[in-house]
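Lifted from Swiss-Prot, the feature list:
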- 4-24: transmembrane segment (TRANSMEM)
- 38-58: transmembrane segment (TRANSMEM)
- 122-142: transmembrane segment (TRANSMEM)
- 171-191: transmembrane segment (TRANSMEM)
- 211-233: transmembrane segment (TRANSMEM)
- 241-261: transmembrane segment (TRANSMEM)
- 273-293: transmembrane segment (TRANSMEM)
- 301-320: transmembrane segment (TRANSMEM)
- 325-347: transmembrane segment (TRANSMEM)
- 405-424: transmembrane segment (TRANSMEM)
- 488-508: transmembrane segment (TRANSMEM)
- 582-602: transmembrane segment (TRANSMEM)
Amino acid sequence: MAMFTTMTALTLTSLIPPITATLINPNKKNSYPHYVKTAIASAFTISLIPTTMFICLGQETIVTNWCWTTTQTLQLSLSFKLDYFSMTFLPVALLITWSIMEFSLWYMASDPNINQFLKFLLIFLITMIILVTANNLLQLFIGWEGVGIMSFLLISWWYARTDANTAAIQAILYNRIGDIGFILALAWFLLHSNSWELQQVFLLNNNPNLLPLLGLLLAAAGKSAQLGLHPWLPSAMEGPTPVSALLHSSTMVVAGVFLLIRFHPLTENSPHIQTLTLCLGAITTLFAAICALTQNDIKKIVAFSTSSQLGLMMVTIGINQPHLALLHICTHAFFKALLFMCSGSIIHNLNNEQDIRKMGGLLKTMPLTSTSLTISSLALAGMPFLSGFYSKDLIIETANMSYTNTWALSITLIATSLTGAYSTRMILHTLTSKPHFPTPISINENNPTLLKPIKRLMLGSLFAGFLITNNIPPMSLPQVTTPPYLKLAALAATLLGLLVALDLNYLANKLKTKTPPPTFYFSIMLGFYPSIIHRMIPHLSLLMSQNLSLLLLDLTWLKKLMPKTISQHQTSASITISTQKGLIKLYFLSFLIPLLLILLMIS
């Protein structure tokens, strides 16, 4: 086991020199991007050794190196948990990041601050590794917050754009809501377990209280963009495409799901939390799939597909299958990163055009990108024997066997069909239709820094699911026996979505009227959620505050304190002090009447 822990530590420490290199030699600019890429490639190669050893030995390890602080009742140590979840995820995250780093050398070549950009991406990866390998809640919280901070910095990378700054602030605010739940769970475990070590927390909470689990679910919902806390995810597309690829594939958005995977010894003993997680995930996966159907921005289509797949992972947690959730995280990382890379290649070659209605005919001009986009879209839809099939088919098959909410499982199947529909729509608009972009545009996809990572991830989208399911099984594999109609449910849902998308695309081209029906606006306006939460509620609150402030000002200052109050006090004071009323006309009339009477009597 010493060899196992040593190689794992070497994997983690090999990522530190590229960060310190900029501090030692700030003028090292030309060779730094390739140095970072080589460091991550080396870390990936080294990580295969401890992962292979874990597959052979099947024994998890907890490494405690250094005691941070000790109080009378609490000891905090630097502790790493090297188990099935962390050792499976680690090489996948490193491989994805290596490919994205190499893709960034092409995509961000003209950026003057590319060195800092790559360093931020590397720190983003390191914070995610800290989160994944943490064995205590404080260390996990450090990785959790680090992922959030780095996402803020990377989404707002193009800080001169107002939309990018707004999207970054939106992401950090929605994640702060989730952090409230995490901090609540931290405080509860400290008060009731007197420890933040995961083993002790699990041991002392066999019948867990609902409050900390609700806090953990809120944290996962914020970080993994579940319904209600989801608007930041499509807005995050304002960042550079490499950021979107890394954020959506193997870092921030899967951190919430990974948190629930880590705490599955507690959630499996709480039927209420499992039911709530299942329903939340099912609603999210359907809502995101509906929103993706009508989007025209290619990156937002992929973003909503991420939200839909995150909902599917939450469904998997809700049916108490954490190993399947991790399997879907790993397979999803390959084809989601590939989808973003293909989108970035298309956007870059079409002079930053992201509207799929202004694309088309790219099948011949960009053959490799078109092939990769098709493979990744089909893997997303769950086409048989691609990587997505091995996880999605198992999830739906296991869900059909469970005794939980039928309606949640039904809408999950509907969302699976819609996944095939919007994936097919994106392929048809970008690759097969007539070109809708200006002819003078020069398209070139022959750069090696573009081709190599796309080919690498394309192979992952083809074979990763097969390799992971056959070589890294869970420690206790359930024997699945289902009737044929349930076994084919996932495949039938996928094929139904593909056929519906083809039929709707044909009918849409034949329509005489171009006015969309009213139901269209629910999808294109994202369920009116941003309009209500980001526009209506702030407008009403500001209007109410304005009216209250003005009315209170008028009532207190004008009527109660200054002008009218002074005049009222002066009037009452004059009445009290003086017996004269100041009625000049009455006084003059009382003088005039006796005078007239006297004159009449004399005359």
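Just so it is clear, glycine is given a Cβ too, placed from its N, Cα and C backbone atoms.
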Stretch contact, the transmembrane segment (273-293) with the transmembrane segment (405-424), Cβ-Cβ under 8 Å, 3+ pairs: yes
Result, the transmembrane segment (301-320) in contact with the transmembrane segment (405-424) (3+ CB pairs under 8 Å): yes
Long-range neighbours of the transmembrane segment (211-233), counting only residues six or more past its ends (CB under 8 A): 144, 147-148, 167, 170-171, 173-185, 188-189, 252-257, 259-260, 263, 266-267, 270, 273, 276-277, 280-281, 283-284, 287-288, 303-304, 306-307, 310-311, 313-314, 526, 529-530, 533-534
Within-chain partners of the transmembrane segment (4-24) [C-beta distance under 8 Å, separation at least 6 from its ends]: 32, 35-36, 39-40, 42-43, 46-47, 49-50, 53-54, 57, 61, 63, 80, 82, 87, 90, 94, 115-116, 119, 122-123, 125-126, 129, 133
Beyond the flanks of the transmembrane segment (325-347) by 6 or more, those residues with Cβ under 8 Å of it: 84-85, 88-89, 92-93, 96, 99-100, 103, 107, 241-242, 244-246, 248-250, 254, 257-258, 260-261, 298-299, 302, 305-306, 309, 312-313, 316-317, 353-354, 359, 362, 366, 369, 372-373, 375-377, 379-380, 386-388, 390-392, 394-395, 430, 445, 450, 453-454, 457-458, 460-461, 464-465, 468-469
